[in-house]
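Contents: one structure, followed by commentary.
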Amino acid sequence: MLGWFDANLVSILNGFAIGSLLFILAVGLSIVFGMMDVLNLAHGAFFLIGSYLAVTFVAGESWGGFLTALGVAALIGLLAGGALSGLTEPLARRPILDQALLTLGISLIVAEVLSIIYGNDVFSVPPPPGLAESIDVAGRAYPAYRLMLIAVGLVLALVVWLVVEKTSIGALVRASVADREMVSAMGVDNRKVKFAVLGVGSLLATVAGVLAAPVYGARPGLDETILLLALVVIVIGGRGSVRGALVGALVIGQVESLGRALVPDLASFILFGTLALVLIVRPRGLFAGKVAHS
Amino acid sequence: MTPPVPIRRRVITLFGAGSMALTLAACGGGSLGGEEGGAEGGGDGGGTVRVGLVIPQAGVYTPLGEDMQQGWDLWLDQNDGMMGDFDVETVIADEGEGPDTGVPAVQRLLTEDSVDALVGIVNSATALGVAEQVTEAEVPLIVANAGAEAITKDAASPYVWRSSFTNAQIAAAMGTHLAEEGIGPVYVMAPDYAAGQEVVAGFTEAYEAGGGTIAGQALTPFGTTQDFQPFLSGVQSSGAAATFVFYAGGEAVSYVQQYDEFGLKDSIPLYGSGFLTEGSVLDAQGESAVGVRTTLHYSTEIDNEANAEFVEAYQAAYDELPTTYAVQAYDAANVLGRALAEAGDVSGSAITEALDGLGEIDDSPRGPWSFTNQTPEQSIYLREVADEGGTLLNTVVEDLGVQPQP
């Protein structure tokens, strides 16, 4: 048992790193979908904006460039989410599929614009100084940057959970999910709530793009791959739940890392096999949050 | 309930009109266009040859398409836009990523544009998908990238030629070389699709024939693998003395970088099919790629006069180093030009007959090569990535000799 653990320690650790990254990516999508009933298929494209911003600003290895990229990505994410909130407003009373189609269209446009600006080449982004080296873990090399991702993911999970569950802003968001009419009767414009939630959700996508750039790089098509993973995380964790997004992301992280290491021959099936299993056992996900009435 | 009805009606109208246009075009292309082209060509020996250049202009293969177009344009510039006595009119079509876009693009070139010859095609599935059409239309196709063996073997057609390589040809050269070196057990990895499987099979067969042993193999999910760590730990625990892989594009960048990050590069040397370090991926890989050894039929560093001139002209024209994709299109133009000069006629049978009689192509940047079974029999080079003053290059370590299609 100890021998097995020793041999697979790096894969388990890597599962946590990938899981953290997936959490940062998926939690924004989950909040927007679960709380505001908007399935934002442009989430992957927003992620890719972040990755390309990292390409632009992280020239050479520097913390300055990396933090600039994070700041700019946060600002652009906020604005993009706000714009998206305005665009989906006229469709608010239409079926969820209509909004999804709108966001799908936006994602195609964003991806095409990125391809016009940056071309179709593959870019890689160096990690910030001090994190570019590999650290010795149980006799095997492991990239330091991925260890930092685990820490960032856990801190962010705590912050998002505290904001949603323990602050008055979080209370307002949860209230407008539970009963929109009542909240607006009390003098709160719930379009503003939607604006803020979409803004923050999209901000998390672009920030995740910057954070993922030293691992995944930036290239056309990455947006779709990433969106698919985020959707799987949400289905497994249950939409609208911070805890669900965290557990879903960690499960998928381990499936993609430890699972693939143990049964490489089934690498293509194992992700969707897990998805199917969860859907059979818990069709609404492991931790289904409160879902908006429509 | 109202919206669906008009939409469905519109779709039907579109579909109807579309297929009618196609049918009309097919008639025009088959009878009128074809004869006209033939008459022009056969009459006074001059006239125009219309060539369809099928390259990806959207999707993941776009950088390859750009290189191929630059190679094609460069040859035409150097030859005053003439092939033999014919003015060349190039019609470019977007191949896209796969047969779903590539096959209709070729169909349009054959019917609406009534081209006399076709050049290009990156994707093997697309090349296999159009073989029947071009054979039926009797229009010669020179495949300038797609490396599936079947294109010129099991699915061979007298009208389908190739100026690039076969997947197994490149891998087998490395297999033979490593077996001669006696490097020890090798772990083999590739993406899990047709080309990856051909590379793995080609390498394994040649390596085992030379007396080597395979430490293990992994076929990774194609297009959805961003993180190779789970597979790399399999390489480490297999006791392999070296790794041989085939990856291209984004996967090549991730693989080479992660192979370095997870500390394998120093203990288990990395070998690959040349596409692992070819073109723009090499810049993205950076220092992680230095020391990686690959086999390919071209490198900018090949020491011959034709290559020196080609590299200089290419750099002057596009301000970047040429890639193997550019050379394949350049050579496709070269052989088509030679065939047209020989034939003096743009009919499909005349061109293919002339292609068949070309013999050795002695002025190619990749060194001399010739058609055998309509695909190149050519030298494969052992290359090593080196950092020369901040520029990463595939330096030539050794010419592994002429390799036919296995």
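Each residue, glycine too, has its Cβ placed from N, Cα and C.
Just so you know, TrEMBL annotations are computer predictions that nobody has curated.
What TrEMBL records for A:12-34 (among others) is transmembrane segment.
Per TrEMBL, transmembrane segment is recorded for A:41-60 (among others).
The annotation transmembrane segment is assigned in TrEMBL to A:66-88 (among others).
Taken from TrEMBL, the feature transmembrane segment covers A:100-119 (among others). Residues 38-46, 48-49, 52, 55, 84, 87-88, 91, 218, 220, 223, 227 of the same chain lie 6+ residues outside the transmembrane segment (A:100-119) yet bring a C-beta within less than 8 angstroms of a C-beta in it.
Sequence-distant contacts of the transmembrane segment (A:144-164), counting only residues of its own chain at least 6 positions beyond either end whose CB sits under 8 Å from a CB of the stretch, comprise 13-14, 16-17, 19-21, 23-24, 27, 31, 127-128, 130-135, 170, 173-174, 211, 214-215, 242-243, 246, 249. The transmembrane segment annotation in TrEMBL covers A:144-164 (among others).
Taken from TrEMBL, the feature transmembrane segment covers A:195-216 (among others).
Positions annotated as transmembrane segment by TrEMBL: A:228-250 (among others).
Sequence-distant neighbours of the transmembrane segment (A:262-281) (same chain, 6+ residues past either end, Cβ-Cβ under 8 Å): 8, 11, 232, 235-236, 251-252, 255-256. If you look up TrEMBL, you'll see A:262-281 (among others) marked as transmembrane segment.
Residues 25, 28-29, 32, 66, 68-69, 72-73, 76-77, 80-81, 84, 100, 103-104, 106-108, 110-111, 114, 117-118, 123, 125-126, 128, 201-202, 205-214, 216-218, 222-228, 230 of the same chain, all 6+ positions outside the transmembrane segment (A:41-60), place their C-beta atoms under 8 angstroms from a C-beta of that stretch. Between the transmembrane segment (A:66-88) and the listed ranges A:12-34, A:195-216, A:228-250, the one holding the most Cβ pairs under 8 Å is A:195-216.
Nonlocal intrachain contacts for the transmembrane segment (A:228-250), taken as residues 6+ away from its ends with a CB within less than 8 angstroms of a stretch CB, comprise 15-16, 19-23, 25-27, 29-31, 33-35, 43-44, 153, 157, 160-161, 164-165, 177, 271-272, 274-275, 278-279, 282, 284-292.
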